[in-house]
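K.L.:
Straight from TrEMBL, here's the annotation block:
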- 40-66: transmembrane segment (TRANSMEM)
- 56-305: domain 'G-protein coupled receptors family 1 profile' (DOMAIN)
- 73-93: transmembrane segment (TRANSMEM)
- 113-135: transmembrane segment (TRANSMEM)
- 156-179: transmembrane segment (TRANSMEM)
- 208-231: transmembrane segment (TRANSMEM)
- 252-276: transmembrane segment (TRANSMEM)
- 288-307: transmembrane segment (TRANSMEM)
């Protein structure tokens with residue numbers, strides 16, 4: 001009880017950095033500046049999307065767990081993608097839904113920083129998981145005879161653990177750089193959650209180091225993995241064109257097209273948000289793109305994989321038939 005609390009430490013730090021400014025430990029999430037009626041409508045619509053996200057990704061996890069035919073490296077990585085999507089949506093959407101109905105839209109400093117950390121960690125992890133899935137398809141189509149040797153369970157486990165670890169460490173770097181900044185006002189975040197670019201705008205000191213690290217991380221986690229995915233699928237395309245069997249060519253195209261849809265949605269919105277030049281309305285643009293990250297992508301991923309993947313549809317039929 002004799003030690004100062006975390007808020008006291010933060011106040012002393014802010015006062016040391018800026019003597020003539022007040023310190024802030026609570027923020028206001030402005031969210032969507034709409035009328036109360038429209039906010040209620042958005043609450044209903046986004047609640048439905050969130051329910052579909054949880055239901056779709058949970059169904060993918062249950063099917064992979066119950067059906068032994070899906071106990072393959074491809075669906076091992078797909079299960080990790082489903083976990084990331086559930087966690088990613090659950091980190092941002094519940095607070096957004098609560099703020100659509102509440103007049104007070106405040107969030108304290110520690111939950112805000114935690115939300116930023118989890119948001120970045122899950123986003124980075126999803127980038128790397130998508131790369132691992134593209135590598136799995138490359139080995140399966142271009143080197144089918146060596147597939148079981150290259151993509152053994154030990155290698156798959158190492159790749160998955162590496163993806164989670166790298167995603168968390170990169171997010172931790174961003175959070176450490178944020179914690180060194182004093183937030184002394186204003187206290188309004190023009191977003192529906194603590195998105196890193198919106199949080200940095202409230203710092204009462206220069207954030208050039210944070211901006212440089214964000215850009216460098218975007219090159220490392222977005223451009224680099226995207227190039228690897230494109231190289232993998234260019235090789236896959238040439239290999240598919242050499243397949244003589246029409247059925248084999250169709251199945252290969254079906255599996256790879258599902259993955260490409262997910263990759264296009266995720267990397268496209270991320271690159272536009274963090275690497276493209278800002279428009280005249282950057283706040284509105286960030287909110288819309290963040291909805292793709294937080295809600296639409298996690299909801300569409302299981303739909304894309306279930307509607308365009310014969311193995312998943314077959315597993316669903318077998319599980320329902322058993323029931």
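Along the chain as shown, residues are numbered 1 onward.
Cβ coordinates are placed from backbone N, Cα and C, and glycine is handled just like the others.
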K.L.:
Three or more CB pairs closer than 8 Å, sequence separation of 6 or more: does that hold for the transmembrane segment (288-307) against the transmembrane segment (40-66)?
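P.N.:
Between the transmembrane segment (288-307) and the transmembrane segment (40-66), contact is present.
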K.L.:
What same-chain residues lie close to the transmembrane segment (73-93): Cβ under 8 Å, and 6 or more beyond its ends?
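P.N.:
That would be 46, 50, 53-54, 57-58, 60-61, 64-65, 115, 118-119, 122-123, 125-126, 129-130, 132-133, 136-137, 140, 151, 153, 156, 159-160, 163-164, 192-193, 255, 262, 290, 293-295, 297-299, 301-302, 305, 311.
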K.L.:
So what's near the transmembrane segment (252-276) in sequence-distant terms, Cβ-Cβ under 8 Å and 6+ beyond its ends?
P.N.:
74, 81, 123, 126-127, 130, 133-134, 137, 141, 197, 214-215, 218-219, 222-223, 225-226, 229, 233, 236, 240, 243, 285-286, 289-290, 292-293, 296-297, 300-301, 304-305, 308-310
K.L.:
By a Cβ-Cβ criterion of under 8 Å, what residues six or more beyond either terminus of the transmembrane segment (40-66) are in contact with it?
P.N.:
32, 34, 75-76, 78-79, 82-83, 85-86, 89-90, 93-94, 96-97, 100-101, 295-296, 298-299, 301-303, 305-306, 312, 315-316, 319
K.L.:
Taking a Cβ cut-off under 8 Å, which residues six or more beyond the ends of the transmembrane segment (208-231) line up next to it in the same chain?
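P.N.:
Those are 124, 127-128, 130-131, 134-135, 170, 173-174, 177-178, 181, 196-197, 200, 263, 267, 270-271, 274-275, in sequence order.
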K.L.:
Across the domain 'G-protein coupled receptors family 1 profile' (56-305), what does the pLDDT come to on average, as a whole number?
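P.N.:
Overall, the domain 'G-protein coupled receptors family 1 profile' (56-305) comes to a mean pLDDT of 85.
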